[in-house]
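Per TrEMBL, the features are:
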type	residues	note
BINDING	CYS521, CYS524, CYS561, CYS564	Zn(2+) 1 binding site
BINDING	CYS530, CYS533, CYS548, CYS551	Zn(2+) 2 binding site
DOMAIN	289-458	domain 'Helicase ATP-binding'
DOMAIN	545-722	domain 'Helicase C-terminal'
Amino acid sequence: MTDFIDVILPIPIQKTFRYSVTKAEADFLQAGCRVAVPFGSAKIYTALVLKIHQDPPTLYEAKEIHQILDDAPIVNEVQLQHWQWISNYYMCPLGDVYRAALPSAFLLESETIIYKNATFTEEALLNDDEFLIFEALQHQSQLTIHQIADILGKKKVLPIINELINKSAVYIKEEIYEQYKPKLVKYVRLHPNYANENSLEYLLEVVSRAKKQREVLLCFFQMNAAKKPIKSKELELQSGVSSAIIKALVDKNILEFYHVQTDRVSYQGETNQLKEPNEFQEKALEEIRESFEEKEITLLHGITSSGKTEVYTKLIKEVLAQGKQALFLLPEIALTTQIISRLQNYFGNFITVFHSKYSMNERVEAWNNVLENKPKAQIVLGARSSIFLPFSNLGLIVVDEEHETSYKQFEPSPRYNARDAAIVLSKMHQAKILLGSATPSLESYFNAQEGKYGFVELNRRYGEVQLPKIELIDIKEKHRKREMNGHFSDRLLKMISEALEEKEQVILFQNRRGFSPVVECKTCGTSPQCPNCDVSLTYHKYKHELKCHYCNYQRAMPNSCGACGSAALDTKGFGTEQIELELKELFPQYTIGRMDLDTTRGKYGYQKIIGAFEAREIDVLVGTQMLSKGLDFDNVSLVGILNADMMLNFPDFRAHERAFQLMVQVSGRAGRSKKQGSVAIQTYNPYHQILQQVSITNYTEMYKEQLQDRWQYHYPPYYRLIKITLKHKDYQKVDAGIIWLAKALQNVFGEHVLGPSSPAVSRIRNQYIKNVMIKIPPKQSLGKTKGHVEKIKNTFQAVSDFRPIRFIIDVDNY
Ligand code: ADP
Ligand code: ZN
Ligand code: ZN
């Protein structure tokens, strides 16, 4: 009887694959272990064991596995179940979920290694390139493809290697290599020969002529009195000598080095008691606890700066006391030192942080800490991908800023929403989940109103500070009266001056980066376009460049029009860079900072700017929507929104909800600690209902009005949406494909199919894009609907003309 295993491969394929294993291997293996397996022609993949059994495959002969990579599972049962749910719900291959879930270092890659055939003697048969490689293998037992490319100084080396194989001069092997490198810290101790306490005098005698070595030894014995391991670096610092001196003592067999594996990230500061909640926080806490008695999911609607974070920390502490883990989800950008140090201040080394700016090695460490349920992993503070960590014992999930779109992954697959996937995860762990926001998503608020979720409100700012006073400034009127200075109204300028004179700080919001989004020739009206995308290039003045914000194409700003040669080039519209420059002229005595994609690259990108603003090194901070994400500054008294109209006119059924959320969140950065703050919103359209609702922070009115629209036009939360996108570099193909697809869908779903349509930017990176949307009415079965879509997709891909078209399914595309 032979044994078999079913595995997931990290490739976009729905199916699992079956391999054969020996009896001993079958006994050793468990679901969740990694195995290296051959797949396709000579490629080796890291597969994950799902099931061990004795049913041979019926359609193919099972291959043997290459090797077992783990002694114990690195993925647990709940995770496997959760991945299955993600794969089913979001209609994506399980292999994609597997690839997204594991830190890439766990997905060992195979590399082809080239060896010399020792029996080969006919060197005369080799041409120059081939001979170079063969010769290199005389000096080196093996070469990788990379190394060969280096030796030959060319990229295309596969044909040469193939020729060498044909001539039997070399042979190849696929090797799997481990990418994760543990971080080792170097310690020193006495050589075992001198391990007894009385050796000090003797040793000092031995090194009596080497003054520095003597000092090191003295210092070592002093430090050793504390009976704690001594880091080599520490000894260097304390004794004030160079590492060479310590090395000399090691060479004399007096000291010896040893290494201990440590985590790259660890907290060394002090910890403090949680803050005492005020009466409103106390009441909210009481209500949340009560609500959790009956319902697993509760929505906390707490206005900006009401102290939601303090409420979360109380609940987390309670869960920890029950011996369970807590997951605290935040939007990527909010995960800066601000929130991390706030939590570390309470929970110290019980926190593991996890986000995309972490290195591969740091992520492996976080994974292992959670897997082993270490003290350090009792609280995970992370961005959306932390839902994939190997929790075994979750008691609570907090989703802060639950309305944030950054919880949704759009590209690549799996296209999941981390908030929704977290709700499912909490069910699987029988844990509680708290969604928090000052501006909840319509879906979550709706679910709370319908009684599906528990609902708790926190309506006062901490410290009884009032919500900021919001003023709408009519810039059409201001233009008419010539009271504009660049993009600033006289009113906004006056407010900025007043705040700065009071030594307070200012935040200015403009949701577009660069200097201006369009450059236009005044003579012929042409604007430079991206050669790869259907969009005009944005002018970045600082670098004197034109850039595409979709594909990153860039080129120098031309001196004259590419079409007619005229030198009269004009810029239209404005971004953060232009606002920054205008401000620098208007307020030369103050420091102006800018926070957008262009200024926050790199691992500590956000942190540098946020830190400088916190330290009051920056007086006015100009930025994009990054500024709206849960940041807490105590000296900001004024927030200005330079142009509200662009957000309102966005062609999307969610535009109004989003605009409301964004403006209320940005406004929420003002007046958080002492006195009431102010907000100025410049607009051409001060009577727009959303702006009216923002101006008095009336969430419920916004909610009611938007909900009516959603009902009338058949959108979520009443209807569900599945969006299908086709992409290909040949326009005709995409067009034919989408027409076929829309018809096929209409045959099944009738009027509930929307489109085909082209998105606002209909070509990106030379790929033409077309969409069609399926609306699913409240009572229609989601499972059946997806079944139909799946079938239509298969028929579509069976048409040979359509096969090269990328077919992207996005469920709940918001
Ligand atoms: P939110 O998350 O609701 O926007 P925060 O939790 O950031 O609000 O709280 C706003 C500010 O009030 C923070 O600076 C926080 O430290 C302070 N704060 C909140 N609750 C308390 C409390 N119970 N005691 C002392 N300070 C508090
Ligand atoms: Zn021109
Ligand atoms: Zn482009």
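Quick reminder: no glycine exception, Cβ is built from N, Cα and C everywhere.
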Which whole-number value in Å describes the distance between the Cα atoms of CYS551 (Zn(2+) 2 binding site) and CYS561 (Zn(2+) 1 binding site)? 22
Just to be sure I understand the packing, how many Cβ atoms besides its own are within 10 Å of the Cβ of CYS564 (Zn(2+) 1 binding site)? 12
Taking each of the binding-site residues CYS530, CYS548 in turn and counting other Cβ atoms within 10 Å of its Cβ, which one has the fewest? CYS548
Mind running the binding-site residues CYS521, CYS524, CYS530, CYS533, CYS548, CYS551 against ligand 2 and keeping the ones whose CB falls under 6 Å of it? CYS521, CYS524
Can you tell me how many other Cβ atoms are located within 10 Å of the Cβ belonging to CYS533 (Zn(2+) 2 binding site)? 20
Mean pLDDT across the domain 'Helicase C-terminal' (545-722), rounded to an integer, is what? 92
Tell me, by DSSP, whether CYS521 (Zn(2+) 1 binding site) is helix, strand or coil? strand
Listed in sequence order, residues with CB under 8 A of CYS561 (Zn(2+) 1 binding site) and six or more positions away: CYS521, THR523, CYS524, THR526, ALA567, ALA568, LEU569
Specify all same-chain residues, apart from the site residues CYS530, CYS533, CYS548, CYS551, whose Cβ lies within 8 angstroms of the center of the Cβ atoms of the Zn(2+) 2 site, ordered by sequence. PRO531, ASN532, VAL535, LEU537, HIS549, TYR550, ASN552, TYR553, ILE764, ARG765
Rounded to the nearest angstrom, how far is the Cα of CYS564 (Zn(2+) 1 binding site) from the Cα of CYS530 (Zn(2+) 2 binding site)? 18
Ranked by how many other Cβ atoms lie within 10 Å of their Cβ, the binding-site residues CYS521, CYS524, CYS551 are led by CYS521
The rounded CA-CA distance in Å from CYS564 (Zn(2+) 1 binding site) to CYS533 (Zn(2+) 2 binding site) is 22
Which are the residues of the chain, CYS521, CYS524, CYS561, CYS564 excluded, whose CB is within 8 A of where the CB atoms of the Zn(2+) 1 site average out, their centroid? LYS522, THR523, GLY525, THR526, SER560, GLY562, ALA563, GLY565, SER566, ALA568
Measure from each Cβ of the binding-site residues CYS521, CYS524, CYS561, CYS564 to the atoms of ligand 3 and list the residues where some distance is under 6 Å. none
